[in-house]
Amino acid sequence: MQQAEVIYNINFQVVKASPAHSTMALIEDEPEDMDPWDMPELKDTGVPWSALDTKGKVLRVFVSVGKIVLLLGFLYMFICSLDILSSAFQLVGGKTAGDIFQDNSVLSNPLAGLVIGVLVTLLVQSSSTSSSIVVSMVSSGLLTVQVAVPIIMGTNIGTSVTNTLVATTQAGDRSTFRRAFAGATVHDFFNWLSVLVLLPLEVATGYLYEVTKLIIDSFKIESGEAPALLNVITDPLTESIIQLDQSVISGIATGDPEARNKSLILKWCQTFTNTTLMNVTVPGPENCTSPTLCWVDGNYTFTLKNISETYNVQKCTHLFVNVNLPDLAVGLILLTLSLLVLCSCLVLIVKLLNSMLKGQVAAVIKKILNTDFPFPFGWVTGYIAILVGAAMTFIVQSSSVFTSAITPLVGIGVISIERAYPLSLGSNIGTTTTAILAAMASPGDTLANALQIALVHFLFNITGIVLWYPIPFTRIPIRLAKGLGSITAKYRWFAAVYIICCFFVIPLFVFSLSLAGWQVLVGVGVPILVLLIIILIINMLQKRKPSCLPAALRSWDFLPLWARSLAPWDKVVGVITAKCCCCCKCCQAASDDQEHGVQESAEKNKKAHTAVYDNPAMSADKEVEDEIKIELKILKMTRL
């Protein structure tokens, strides 16, 4: 009896200590004295090298080489999938991006130009594409360089969404997700903070425009050729899948009416243009090319003009060259496939890195990447990391590819947040150097404007680094990213809220206010901005000098819980998720019950059918009838 009471008490205590049912219950409690940002130890669980025999050592070498080859292959597929993803976004929203750029009255508003740069880069998933559209518009005279500066700032923000999306694929583990999301969003916060400071400065003083114009006027720069580098490796695969005609988007943006009816999918990869000087009929003498080349014959006026005719020479060989589908359908197909390959490669890369970076290998790599130089040269380490990030981005020719590649390394604990920050800053510089080289390949008449736009992008990032990196106190993006990483690790649904709000809702809201006019923009935007600044100041005073505040403002306890905490919203998300799961389970249960009922009815019919023939009385009568038939046959045979 006493034993039963003890068991009952133990069970009662266990039941009493069970956690509440919410998304928070899925998160394991961490020790209070443990820093969540400490890099984890990647322990080697395999057999030590010294304990292996010759066969085991050879086998391990082959396995390690195979893993390196697989890692390079998956990294190659990852980069190619990003390229295909960019092409897919251009097919889905490229013409819309051209239409957005065509509205010059909206672009004249700096805030609207900034938002358009963000939205267009989100649509095409490539800052180089959106920048090339801006360059072509400036070269054609549709935009001035001053108007294009805020758009270039917006492209810098839009390109940082890719690695943030990559970080969400690591939401399975709480600690990994915290580090990965913080490592990705440190790039976002740097871009947003730089824009918040430099956009008002540019509107007030024209700082970026004046400095870059001075540089252009001071140097005699000759046109050259932009290097291909990584594209030489990736183009054979990506161009065998899809090739796009980039002139269509630029043509729509510059107002070409024929470009709107063209497909973005490139059909003819090699063409020949023949220009011939021909006599043509014009409406009147004022339409002649020159007075000396003008003849009037009765009611007709003739002049000499260069007539260009383009002949198709060689058709492209990519998969979609002969597919009779609209651009939207092809874009959605490529979008789905590229996202599938992207996520699969990312998961496999993380798995391989986890299996490879163990023991001494992990210790060496972590030491190389995260150790500072000895005093007094410790400050140099960060700037070397910036140069490394710039060089690597210059090699891969895409800041999105580089930052998306280091995000999983931050998640598994190989690279710290403090080291990922200068690497991301370097990637911003690397992508602008590529744009500068590409601008130098422009024709002589458009070289100055194209190069000035590229230098604006370069100077924007250099100024941002000066603002937010040299002094440790000014490295605010690291603190903001860590705070956001902790929130998203606790409430994982908040990652989706952050991405949707920062990259879609807020830009669209500002863009809508810009369309309504500057009076509406100031009337709505300024009170919201002032309120946010007041809340920020109160938060800082609450943490550092609460005595300076009135008693009511020393905490936010006077507000309802839903206005000062995410816990009630977490419960709402948990209830919605539980109901969705319940509905799915109910539907599955109903279908299972229906199938089970059909099976039971079939079995009953089968049993009833067999029961009729298995009745003992009826089977006995049948045996008697069979015996009588046999006896009659015997009698007939004996008579014969």
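Each Cβ is built from the backbone N, Cα and C atoms, and glycine gets one as well.
Counting only same-chain residues 6+ beyond the ends of the transmembrane segment (61-85), those with a CB under 8 A from a CB of the stretch are 125, 162, 230, 233-234, 237-238, 241-242, 334-335, 337-339, 341-342, 345-346, 348-349, 352-353, 355-356, 396, 398, 400-401, 404-405. Here TrEMBL flags 61-85 (among others) as transmembrane segment.
As annotated by TrEMBL, transmembrane segment applies to 106-127 (among others).
Sequence annotations record features per position, and here TrEMBL assigns transmembrane segment to 189-209 (among others). Tertiary proximity for the transmembrane segment (189-209) is limited to same-chain residues at least six positions away from its ends with a CB under 8 Å from its CB atoms, namely 110-111, 114, 145-146, 149-150, 153-154, 156-157, 160, 421, 424-425, 428, 456, 459-461, 463-464, 467-468, 476-477, 480-481, 502.
Feature annotation from TrEMBL assigns transmembrane segment to 328-353 (among others). Outside the transmembrane segment (328-353) by six or more residues, the chain places 67, 70-71, 74-75, 77-78, 81-82, 84-85, 87-92, 166, 169-170, 241-242, 265, 320, 408-409, 411-412, 414 with a CB less than 8 A from a CB of the stretch.
Residues annotated as transmembrane segment in TrEMBL: 373-395 (among others).
The transmembrane segment feature in TrEMBL is assigned to 401-418 (among others).
As annotated by TrEMBL, transmembrane segment applies to 450-471 (among others). Sequence-remote contacts of a segment are chain residues at least 6 beyond its ends whose Cβ falls under 8 Å from one of its Cβ atoms, and for the transmembrane segment (450-471) they are 131, 134-135, 138-139, 145, 148-149, 152-153, 155-156, 190-191, 193-194, 197-198, 208-209, 211-213, 215-216, 221, 382, 386, 421-422, 425, 428-429, 432-433, 435-436, 438-440, 442, 477.
Look at TrEMBL and you will find 491-510 (among others) tagged as transmembrane segment.
According to TrEMBL, the feature transmembrane segment maps to 516-538 (among others). Within the same chain, residues 109, 111, 510, 549, 553 sit at least 6 positions outside the transmembrane segment (516-538) and bring their C-beta atoms closer than 8 Å to a C-beta of that stretch.
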